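K.L.:
Structure in structure tokens, see below.
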Amino acid sequence: MAVVQVLDRHALGIQSPPHQPPGRIPAVSDDASTTTTHAHTNPHPSPSVASITGTMSSNELAPSFAPFFGMELIEAGAGAAYGTAKAGIGIAGIGTYRPDLIMKSLIPIVMSGILAVYSLVISVLIASDIKPPPNNTYSLYAGFMHMAAGLSVGLSGLAAGYAIGIVGDAGVRSFMSQSRIFVGMVLILIFAEVLGLYGLIVALILNTRASG
């Protein structure tokens with residue numbers, strides 16, 4: 001019966017599969033079809049840095065970091081603080097010997113405080129040009145103009161505060177011994193204060209250019 005089946009297979013042209021030894025896995029031919037795998041994709045991908053910054057700035061001329069350029073105007077407050085502290089040391093020194101001269105010696109303190117008002121004016125003008133994200137029209141040009149305005153009023157206020165502090169400390173100590181030095185001390189303080197005023201004028205012009 002087995003011989004008849006073998007003859008029938010040869011007559012029909014059917015080849016028997018090759019004999020495989022037990023315990024071995026048949027090799028896969030080269031022309032075998034390969035299966036394709038699909039990578040698992042996250043249906044809710046996390047937002048990238050580019051997409052976040054894209055929502056904050058419309059183009060390259062309006063980056064999200066442009067408003068930070070106007071922060072240099074805090075240096076005017078640092079100059080006012082130094083001038084107040086330095087002149088206050090001299091006033092405290094003469095207060096124990098001549099308490100009647102304390103009121104006249106407060107002029108350097110008042111002039112140092114005016115420097116902080118200069119930076120306050122410029123900071124209010126700069127803040128008025130910064131709009132919320134829906135109306136984001138703050139360009140890089142405006143940011144650089146505000147940086148220049150902040151640098152002009154900040155550095156000039158820092159220099160003026162340093163000069164007022166040095167002159168006030170030495171002036172009030174000398175005023176205790178010689179009252180005639182008071183007029184000269186006030187004139188020196190006025191010219192030191194004008195340095196901060198020059199920076200304020202330049203900052204106002206730059207801020208006007210940035211808005212226009």
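Heads up, the Cβ atoms here are built off N, Cα and C, so glycines get one too.
Caution: TrEMBL annotation is automatic and unverified by curators.
Pulled the feature table from TrEMBL, pasting it below:
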type	residues	note
COMPBIAS	32-43	compositional bias 'Low complexity'
DOMAIN	76-126	domain 'V-ATPase proteolipid subunit C-like'
DOMAIN	147-206	domain 'V-ATPase proteolipid subunit C-like'
REGION	12-52	region 'Disordered'
TRANSMEM	106-127	transmembrane segment
TRANSMEM	147-169	transmembrane segment
TRANSMEM	181-206	transmembrane segment
K.L.:
By DSSP, what is the split of the domain 'V-ATPase proteolipid subunit C-like' (76-126) into helix, strand and coil residues?
P.N.:
46 helix, 0 strand, 5 coil
K.L.:
Quick test of the contact rule: Cβ under 8 Å, at least six residues beyond the ends. What residues does that give for the transmembrane segment (181-206)?
P.N.:
73, 76, 79, 104, 107-108, 111, 114-115, 118, 121-122, 125, 145-146, 148-150, 152-157, 159-161, 163-164, 167-168, 171-172, 174-175
